[in-house]
Structures are given as C-alpha cells and as structure tokens.
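Let me begin by presenting the structure, written as structure tokens, before commenting on it.
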Amino acid sequence: MAMSPGPLFLVFLLGLVVIPPTLSQDDSRYTKFLTQHYDAKPKGRDDRYCESMMVKRKLTSFCKDVNTFIHDTKNNIKAICGKKGSPYGRNLRISKSHFQVTTCTHKGRSPRPPCRYRASKGFRYIIIGCENGWPVHFDESFISP
C-alpha cells in the first residue's frame, strides 16, 4: 500500500515555492535602496563627491534630478522601519533622530550625461518606505522646524 503525502507536507512544499520569491523580491528592493541611498563613510561631500557617486552607483544613464545618500549604518537605517521610526503618511516611516545626509541635485539643463551635481549636506530627519521591516524607498529628508 503506497502512502500519500500528508496535508502538512504539502503545505510545507507550497511554502518552499511561495516564500523564496517574496524574500528575493524584498532583498532586491533593499539592495536597490542601498545602491541608491547608502554610503556609510563618504570621502568628501562636495560636488565632486556627488558626481563620482552618481556614476559609481550607475544612477546617470539619464541625469537623476535629485538623489540623497545617507551616511550611517545599515542597522540604524533599517531601525527606522521599527522602533526608531514613526508612521508618516501612507506606508512611510519618519526617523526619530537626524541622519547625516548628502543630497545631490542635478545642475545641468540636459537630462543626458555627463551629469553635473550640486551637493548639499546636513543632518536631517529622513522618510523612507519599508516592506517587511526593510527599507526599500527613500522619500525625502528635511530639517525640523
């Protein structure tokens, strides 16, 4: 007499098929977030920094109008998705403390490379989008009134 797989085993197999794509989607969105917005230890924070980082991170196939780099640890940024952040608007979180950032603003007229950027630096609250506890979208930063 052949034994058929039990319902629990089938649920387990279904979990193997469904869960990995979800995790890999979160991972790729988090990786993209890090590529676009994370630089823990910047070397300089002037216009040349912006221009070299935008090229290094491959953000200049068309000149991006604005991009912000966050200078802190991955864990501190991720913590905004939890206790170090507060709900803000729809599906966003605002940091409870300031983060050191450099914002790169395109200063050319053409959207085509070579791209030239103006750097502005400071300590700001940041607003990010999170999925499953991971930062996946940078929304904005501002200095509190």
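Placement of Cβ uses the backbone N, Cα and C atoms for every residue, glycine included.
Which of 55-59, 60-64, 80-84 counts as motif 'Nucleolar localization signal' depends on Swiss-Prot, and there it is 55-59. Broken down by DSSP into helix, strand and coil, the motif 'Nucleolar localization signal' (55-59) contains 2 helix, 0 strand, 3 coil.
Within 10 Å of His37 (active site, proton acceptor), judged by CA to CA distance, lie the following recorded positions from the set Cys50, Cys63, Lys64, His137: His137.
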